[in-house]
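Asker: Attaching a single structure in structure tokens format; questions to follow.
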Amino acid sequence: MLMSRALCRSWLPQVARRCHANVNVPILRINSGHPAARSCRQIHSNRKQSSNLKPTTGEPAAAEQNTPVPVNNVIKAVAFTGAFTVGCFAGATILEYENTRSLILEKARQARFGWWQSRSLADRDYWTQIKQDIRRHWDSLTPGDKMFAPILLCNLVAFAMWRVPALKSTMITYFTSNPAAKVVCWPMFLSTFSHYSAMHLFANMYVMHSFANAAAVSLGKEQFLAVYLSAGVFSSLMSVLYKAATSQAGMSLGASGAIMTLLAYVCTQYPDTQLSILFLPALTFSAGAGIKVLMGIDFAGVVMGWKFFDHAAHLGGAMFGIFWATYGAQIWAKRIGLLNYYHDLRRTKQK
């Protein structure tokens, strides 16, 4: 097998086991020096919920057979995905407008008060210098790093929350996606920032950082954010639909569905980019071939019912990335109508 799981959206045992990503990680690296890897999301079986998660021996837990998923939950999941996706892209459009407006106003202010900006640092107070240093450091980051940093922070906060015993029940309810649970919608989103194992978190963030800059440069920060967040929920929906179809309800968590979207988007946009496996630099292959192999593995996992990873979520994320690489430019161009409407609305309120 060309590559195995480093990025995993795996299936966790809901009661008897802890989320544990104890897997070997053959990681890919883009020849330009940026690392790439495989994604994983973890899954739990749908046993009676308990806030006491016992240590695992490292063996994956199989989802229980013949556990029905309520039809109402599936309908809610589909409706939430549609509404969330529309909201993300509408919000990204408004954010783009506000960022552009702020940039224009800032340039105008600098042109008018350039003498103030030209003062030496010695004439400024200590805190102003600190803020200026932080701003300069932030401005020196690549577009990908600027998108990666806040997403990493959110994942680290969620990871720390798993370590607080008093929050364990809340984390299970809202930060794991389970189609048979009472709360279905928001966990589809929050679970994409949730990792229980340090290895799981490291593998996913490592891969995301590898592809973030290529995606951010191609998409722009607002579109990148909308695609990433929407892809996370869409991959959760694919997991929900698969579990409903196979009557294998269980909890899932991990960022790999959204990351697979970035990976598939970049590999589709730049299919001739050469990838190599970390520690095996002599073995190279094209990005186009790599994504086909990864999707083939996930397709086999879905068809054969493999339980260690959430293959449906992986496959859904990859499909979203390929779709956006193919049709995203045309869809994103349609935001102009909303931009004009928001501009007129904002101007009306200012009168």
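Counting begins at 1 with the first residue displayed.
Each residue, glycine too, has its Cβ placed from N, Cα and C.
Among the features that Swiss-Prot reports, active site, nucleophile is placed at S256, with the record citing similarity to another entry. The active site feature in Swiss-Prot is assigned to H314; the stated evidence is similarity to another entry. Residues annotated as region 'Disordered' in Swiss-Prot: 39-65. Under the heading topological domain 'Mitochondrial matrix', Swiss-Prot lists 51-73, 168-182, 298-311, citing a curator's inference as support. Summarising the annotation, Swiss-Prot assigns topological domain 'Mitochondrial intermembrane' to 95-146, 204-223, 269-276, 333-351 and lists a curator's inference as the type of evidence. The transit peptide annotation in Swiss-Prot covers 1-50 and rests on sequence analysis. According to Swiss-Prot, the feature transmembrane segment maps to 74-94, 147-167, 183-203, 224-244, 248-268, 277-297, 312-332.
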Asker: Looking at the transmembrane segment (312-332) and the transmembrane segment (248-268), are there 3+ C-beta pairs under 8 A, with each pair at least 6 apart in sequence?
Answerer: yes
Asker: I'm a bit unsure how to read this: which one of 147-167, 183-203, 224-244, 248-268, 277-297 has the highest number of Cβ pairs shorter than 8 Å with the transmembrane segment (74-94)?
Answerer: 224-244
Asker: Using DSSP, what is the helix/strand/coil residue split across the topological domain 'Mitochondrial intermembrane' (269-276)?
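Answerer: Taking each residue of the topological domain 'Mitochondrial intermembrane' (269-276) in turn, the totals are 1 helix, 3 strand, 4 coil.
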Asker: Roughly how many Å lie between the Cα atoms of the residue listed as 'active site' and the residue listed as 'active site, nucleophile', rounded to a whole value?
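Answerer: Roughly 7 Å, rounded to the nearest whole number.
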Asker: Tally every other Cβ atom lying within 10 Å of the Cβ atom of S256 (active site, nucleophile).
Answerer: 36
